[in-house]
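> Encoded as structure tokens, here's the structure I'll be asking about.
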Amino acid sequence: MILDTILSHVPKVVLTGLAGIGAFIVAGKVISYIRLLLSLFVLSGKNLRTYGKKGTWAVVTGASDGLGKEYAIQLAQKGFNIVLISRTESKLQTLASEIQTKYAGSNIQTKILAMDFAANRDEDYAKLKALVDGLDVGILVNNVGQSHSIPVPFIQTPKEEMRDIITINCIGTLRVTQIVAPGMVQRKRGLILTMGSFGGWLPTPLLATYSGSKAFLQQWSTSLGGELEGTGVDVELVLSYLVTTAMSKIRRTSLFIPNPRTFVKTTLAKVGRSGGAQKIAYTSTPFWGHALMQWWLENTLGVGGSFVVNQNKVMHQSIRARALKKAERDAKKA
């Protein structure tokens, strides 16, 4: 009754205008959601052969475990020779042998380089440059990364941990890309995949340094994508929520938490498709559970608002409390 009275005093032209605006907004959301579903479930990604014939090389950093290991295995399965880069030489040798044995019939070659990205040594990067300069590198997977051992307030973050996160996640990724990308540009083909994180997309209290490092990679990768547009080199930052890896410390999969094999398979199948990352250029959220979560947050609560930030804080406070209790129990057993 009251609403009818109010509306009766509003000029018809105003009501028509408001209805038009509302219809436009709703139509935009519907179109966005249809695009999301098509990107996730219908449309295929770019054929990886675009970046080189069989025998072209792929460089994978952080290759000894988790997502990096899975990228190396699946790219080898697709016919790419693999340069494996990580800290532990024994793990790299084991993985190289596994790949060569598993794909012996395909004559897949591997090369390894053991380097500690936290050390940021010029001689390590010189070795990398010498290793890849003579190779036809078609794909670079910037996977190396480090997070906090447990969620921690920024002012309590150990200086060494803070330094390592920035050095590994940011400096390491930039230096590797600066070595590998020029050859791609010269050959006029290539793909640079950089592993991002919801931690860089959503402000994440108690993971402030890690969150900041991943936000930096988002801006850097998108900027690089703009620079290399038209050169034949595609740049894509891959956003993910949780995956069952050593870094996440999660062991059980769920609808929203895939294992590395599933996540990498989806990522490689959806290269060039934005998935849930519709509002960020040169970015993809390929796994459907993560993409739906991203779309919902962006179109309802928003990303950087106080409610979302505080909920994120509460979640990580809980994780920290459980981790500290576990450490206390373990200390008593020792």
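Every residue gets a Cβ built from N, Cα and C, even glycine.
Pasting the relevant annotations from Swiss-Prot:
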| type | residues | note |
| --- | --- | --- |
| ACT_SITE | Tyr210 | active site, proton donor |
| ACT_SITE | Lys214 | active site, lowers pKa of active site Tyr |
| BINDING | Val59, Asp116, Asp124, Asn143, Tyr210, Lys214, Val243, Thr245 | NADP(+) binding site |
| TRANSMEM | 14-34 | transmembrane segment |
> Asn143 (NADP(+) binding site) to Lys214 (active site, lowers pKa of active site Tyr): how many Å between their Cα atoms?
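If we compare the Cα positions of Asn143 (NADP(+) binding site) and Lys214 (active site, lowers pKa of active site Tyr), the gap is 12 Å.
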> What's the CA-CA gap between the residue listed as 'active site, proton donor' and Val243 (NADP(+) binding site) in angstrom, rounded?
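Here the two Cα atoms lie 16 Å apart.
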> Could you give the Cα-Cα distance between Thr245 (NADP(+) binding site) and Lys214 (active site, lowers pKa of active site Tyr), in whole Å?
17
> Hey, what's the Cβ neighbour count for Val59 (NADP(+) binding site) at 10 Å?
30
> How many Å separate the Cα atoms of Val59 (NADP(+) binding site) and the residue listed as 'active site, lowers pKa of active site Tyr'?
20
> State which of the following binding-site residues has the fewest other Cβ atoms within 10 Å around its Cβ: Asp116, Asp124.
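Across Asp116, Asp124, these binding-site residues, the one with fewest Cβ atoms within 10 Å is Asp116.
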> Among all protein chains shown, how many Cβ atoms are found within 10 Å of the Cβ of Tyr210 (active site, proton donor), not counting that one?
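So the Cβ neighbour count for Tyr210 (active site, proton donor) comes to 26.
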> Considering all pairs of residues in Val59, Asp116, Asp124, Asn143, Tyr210, Lys214, Val243, Thr245, annotated in the record as contacting NADP(+), what is the maximal C-alpha distance expressed in whole angstrom?
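Across Val59, Asp116, Asp124, Asn143, Tyr210, Lys214, Val243, Thr245, the two farthest Cα atoms sit 30 Å apart.
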